[in-house]
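The feature active site, proton donor/acceptor is assigned by Swiss-Prot to 156. Marked as active site, proton donor by Swiss-Prot: 160. The NAD(+) binding site annotation in Swiss-Prot covers 8, 9, 10, 11, 12, 13, 35, 99, 100, 101, 123, 124, 125, 126, and the record cites sequence analysis as its basis. The NADP(+) binding site feature in Swiss-Prot is assigned to 36; the stated evidence is sequence analysis. For 157, 166, 167, the entry in Swiss-Prot reads (S)-2,3,4,5-tetrahydrodipicolinate binding site.
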């Protein structure tokens, strides 16, 4: 049995991950659940927190104390928290599945450095559907080339703290790479006032934060006379949780390295 730990276990995504781990039919099991050290829920049963029944796994506030209890840590938290957990896992030789978004380029370099010592799956989105969309976006960009205007529109719930979403940025990276462009130079994040005519080479991003939207992403390829839209809409966090658990199982026996969901799904 693959021993899995979940950090951020008392949050919305953490609870969903706990449920997803327990749906593997015994292939994997939750052996540790971690949240903030100051959480009033420390000591509570992880299964009861996730409303799936008692599991006998108490919530702890310290990854280091639980590090001997798991083979792989699934982390959907905050960059600062993830990087602390990364240091613990690197020293202990534990694998990680990272779904945290909002990393700076320098922080991503720290992930890459740690991946020289431990296996890590790092992805902006663990949905199978989104990763299929990334493959389709690469194809669409190469076929449509420089004859289209490209816009990326994403929507999430009011509680999401980073914008644009990591998934939207990854979509932009895929499209830019396919077209031989540098996303940092061509990205336009929102528009206001007298912007002038739209330069063809730019890739625009528009962000919506409202209600309880789990995650909607649309990439628009607009030409004169026609347009192509590639859209993914998530209706449940379980979509991401199942993908993360799939990645955790896939990492078994994998050598050190930085992988993503394209590797897990065999799309590369």
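Cβ atoms are placed via backbone N, Cα and C, with glycine included.
What Swiss-Prot annotates, mapped onto the structure for a quick look.
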residue	record	CB count, 10 Å
10	NAD(+) binding site	22
12	NAD(+) binding site	14
35	NAD(+) binding site	24
36	NADP(+) binding site	18
100	NAD(+) binding site	24
123	NAD(+) binding site	26
156	active site, proton donor/acceptor	25
160	active site, proton donor	16
166	(S)-2,3,4,5-tetrahydrodipicolinate binding site	17
167	(S)-2,3,4,5-tetrahydrodipicolinate binding site	27
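Taking Cβ-Cβ distances under 8 Å and a sequence separation of 6 or more, the neighbours of residue 157 ((S)-2,3,4,5-tetrahydrodipicolinate binding site) in its chain are 209, 210, 211, 212, 213, 214. A simple way to gauge crowding: the CB of residue 125 (NAD(+) binding site) has 27 other CB atoms within 10 angstroms, across all the protein chains here. Ranking the recorded positions 36, 156, 160, 166, 167 by Cα distance from residue 10 (NAD(+) binding site) puts 36 first. Around residue 8 (NAD(+) binding site), the same-chain residues six or more apart in sequence whose CB sits under 8 Å from its CB are 14, 34, 35, 75, 76, 77, 81, listed in sequence order.
Among the recorded positions listed (156, 160, 166), 160 has its Cα nearest to the Cα of residue 12 (NAD(+) binding site).
Using a 10 Å Cα-Cα cut-off around residue 166 ((S)-2,3,4,5-tetrahydrodipicolinate binding site), the recorded positions 36, 125, 156, 160 reduce to 125. With respect to their backbone Cα atoms, residue 123 (NAD(+) binding site) and residue 167 ((S)-2,3,4,5-tetrahydrodipicolinate binding site) stand 9 Å from each other.
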